[in-house]
Amino acid sequence: MRRAHAVEWVRAAEGELMARLPEGTLMQRAAAGLAATCAELLRDGAPGRVYGSRVLVLAGSGDNGGDALFAGARLARRGARVSAALLAPERVHAGGLAALRAAGGRVTEDPAEAERADLVLDGIVGIGGRGPLRDAALPWVHAAGQGAATVVAVDLPSGVDPDTGAVPGAAVRADVTVTFGTHKPGLLIDPGASYAGVVRLVDIGLAEVRGTGSAPSDPRRARGGRALGTEPLAPLFDGHVVEALQQEDVAALLPEPDAESDKYRRGVVGIAAGSARYPGAAVLAVGAALHGGVGAVRYAGAAAREVVRAHPEALVGEGGPKDAGRVQAWVVGPGLSQDAEAERAVTEALDADVPVLVDADGLRLLARRGSAPANALLTPHAGEAVALLAGIGVTATRDQVEAERLRHARALARGYRCTVLLKGSTTVVTGPTGPARVNATGTAQLATAGSGDVLSGLAGALLAAGLSPVDAGSVAAYLHGLAGRLSSDGAPTTATAITAALPEAWRRSR
Ligand SMILES: NC(=O)C1=CN([C@@H]2O[C@H](COP(=O)(O)OP(=O)(O)OC[C@H]3O[C@@H](n4cnc5c(N)ncnc54)[C@H](O)[C@@H]3O)[C@@H](O)[C@H]2O)[C@@H](O)CC1
Ligand SMILES: [K+]
């Protein structure tokens, strides 16, 4: 599991650790890890070696600049030609600058050096950064983008909000981010994640603090009762607010049949989707559910004939969920339309007293109620999230939801008191409390008609197989993303092709 901690926690953990160590130790650990990565990149890149390579340090006014200057000093001692741009000269990290000078580095005021450099170190701001990059940095960042330099972000790309991944204005686009102690949420959530490039974690010993079992200070104390927008991120288990499943985590969660399994023990998922007008959504959701690890898939609704023609394995009926026979989870909503019949299907699925995944038209109908059962999994895209938020009295635009996905997903989970999977460039899955899961396997190629129906069918099947809503949603997002990549391989893909790739995605995740 990849875990990310909020700034407040990182500062508290660093504070405890710093109190136990000689002054400057943490910064030296950070700088050493950073310099080692830079040296490796220089050796593997066009210069082919550290000696004689051209390195430019962009140094802001805080400790992030200090890390970059000390790393620059280490590279200069190995023969690199290192210069530093001081973006706030009067507040530059004095020790870092002295070390760089002592190692033969110099100060520059010419942004063209960023264009000529082999490697640019972004030490403009780190976890102390707020808001867009300030003007002094812009010519340097622009020039670095024009040249061929490998851009290495120190701790996180400057201009990315560390806690949310929001990018409110200009930001550094990094090839590699070297982050210290733990991941920051902004490195795992778009739009920030897309600025970070490859993320490398340097251990500076924060685990020593975590190992005590007590959260450093208690970030929980300051929480609660504030309006959306200023609300701090969630209360924390061991302190992390965001986590991303890795392959071994998914492997441990995938349902596997054993010798005792029969089709009913493996779980049966019910799908109430599609309509006379949109039978395709039903066909797609059922198709994906058949690959989702359950023993059987029941379909209830107006597209029964189309479903059984496409999937003879499905058990179909033309009535609603109430008439469909026993299932361990329902999927309701894709392609349902919003008429009285659709409303009845949603009500029956919600009343069935089993976990229920609500998507698409089902979400619009749910927004009118303003509540959901605790074992529900809601799967909105940003537009549907706007409608759901309106249902609980929160006004937000699509752009706002996309700019701050974590905050809005959490607001929905708290407002509806259930689990929410917010689709998009970074899929976020979260309950009202506990860390949010973000999915790292997604690809822009997944934004294709019917792709959401596939995700719903798959996640519903995993719910019926016994996974919790958070696990079902995040494992489904992982497999769906991987299947999207496999089916796309750089070219446009389709929902049908994504479904066809699900078995291979499953095999690769075991
Ligand atoms: N605290 C620690 O123990 C450690 C901190 N480390 C480094 O220290 C960093 C945090 O240092 P600081 O707390 O000094 O904060 P930063 O260096 O991240 O930035 C704070 C400074 O940047 C300015 N600033 C804020 N937003 C800005 C913006 N949008 N554009 C331009 N300037 C802006 C502020 O006025 C302030 O002077 C970490 O990201 C990490 O790189 C590491 O050395 C590891 C140890
Ligand atoms: K930075």
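Note: Cβ is positioned from N, Cα and C throughout, glycine not excepted.
Some features that TrEMBL has for this protein:
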DOMAIN    10-212  domain 'YjeF N-terminal'
BINDING   63-67, 126-132, Asp155, Ala281, Gly335, His381, Asp453  (6S)-NADPHX binding site
BINDING   Asn64, Asp122, Ser158  K(+) binding site
DOMAIN    246-509  domain 'YjeF C-terminal'
BINDING   Lys423, Gly424, Ser425, Thr426, Thr427, Gly452  AMP binding site
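Listed binding-site residues near Asp155 ((6S)-NADPHX binding site): Asn64, Asp122 (candidates Asn64, Asp122, Lys423, Thr427; Cα-Cα distance within 10 Å). Under DSSP, Asp122 (K(+) binding site) is assigned to a strand (E or B) in the three-state scheme. In the predicted model, residues of the domain 'YjeF C-terminal' (246-509) average a pLDDT of 96. Taking the binding-site residues Arg130, His381 in turn, the residue surrounded by the fewest other Cβ atoms inside 10 Å of its Cβ turns out to be Arg130. Among the binding-site residues Asn64, Ile127, Ser158, Lys423, Thr427, the ones whose Cβ sits under 6 Å from an atom of ligand 2 are, in sequence order, Asn64, Ser158. A Cβ within 8 Å of the Cβ centre of Asn64, Asp122, Ser158, the residues given for K(+), is found for these other residues of the same chain: Leu58, Gly60, Gly65, Ala68, Gly123, Ile124, Val125, Gly126, Gly129, Ala153, Val154, Asp155, Leu156, Pro157, Val172.
Taking each of the binding-site residues Asn64, Thr426 in turn and counting other Cβ atoms within 10 Å of its Cβ gives the largest count for Asn64.
Comparing CA positions across the binding-site residues Asp63, Asn64, Ile127, Arg130, Ser158, the one lying closest to Ser425 (AMP binding site) turns out to be Ser158.
Between the CA atoms of Asp63 ((6S)-NADPHX binding site) and Thr427 (AMP binding site) there is a gap of 32 Å, rounded to the nearest whole number.
Of all the binding-site residues listed here (Ile127, His381, Thr426), Ile127 has the Cα closest to the Cα of Ser158 (K(+) binding site).
Ranked by Cβ neighbours within 10 A across all protein chains shown, the binding-site residues Ser425, Thr427 are led by Thr427.
Neighbour count (other Cβ atoms within 10 Å of the Cβ, all protein chains): 33 for Asp122 (K(+) binding site). Shown are the binding-site residues Gly66, Gly424, Gly452; of these, the residue with the fewest other Cβ atoms within 10 Å is Gly424. Proximity of the binding-site residues (Ile127, Arg130, Asp155, Gly424) to ligand 1: a Cβ under 6 Å from the molecule is found for Ile127, Arg130, Asp155.
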